[in-house]
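Beneath this line is the structure, given in structure tokens, with notes to follow.
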Amino acid sequence: MAWRSQLSRNLKELRILFCQTSPSSASARSFVEQNSKDLKTLNPKFPILIPECRGIEPQIWARYDMGVERGIRLEGLTEPQILKALEDLVKAGASLKA
């Protein structure tokens, strides 16, 4: 999973939005609990924003150069599927630079 250390190279910012209590956000909460420390350790100066939201659909947003943003809805996805969605967003950032 070498792409995890590429967050700061390919993205400008990562936002993970989810509700703290909603059942539809359970896998997103679990993803953050299991992966945020590792992602932050590999990208110490990279902004990973996890704002407190109530009643929101779980989503992940990546901001790239020139203000380009891409988002993915996470409702119904499992934790491994969320990890794959993040990997796709990171790899998309590499292709935007080309």
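Even glycines carry a Cβ here, placed using N, Cα and C.
Contacts of Cys19 (disulfide bond) defined by a Cβ separation under 8 A and a same-chain sequence distance of 6+ are given as Ser25, Cys53, Arg54, Gly55, Ile56, Pro58, in order along the sequence. What TrEMBL records for Cys19-Cys53 is disulfide bond.
As annotated by TrEMBL, domain 'Ribosomal protein/NADH dehydrogenase' applies to 20-93. Mean pLDDT of the predicted structure over the domain 'Ribosomal protein/NADH dehydrogenase' (20-93): 94.
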C-beta crowding around Cys53 (disulfide bond), within 10 angstroms: 16
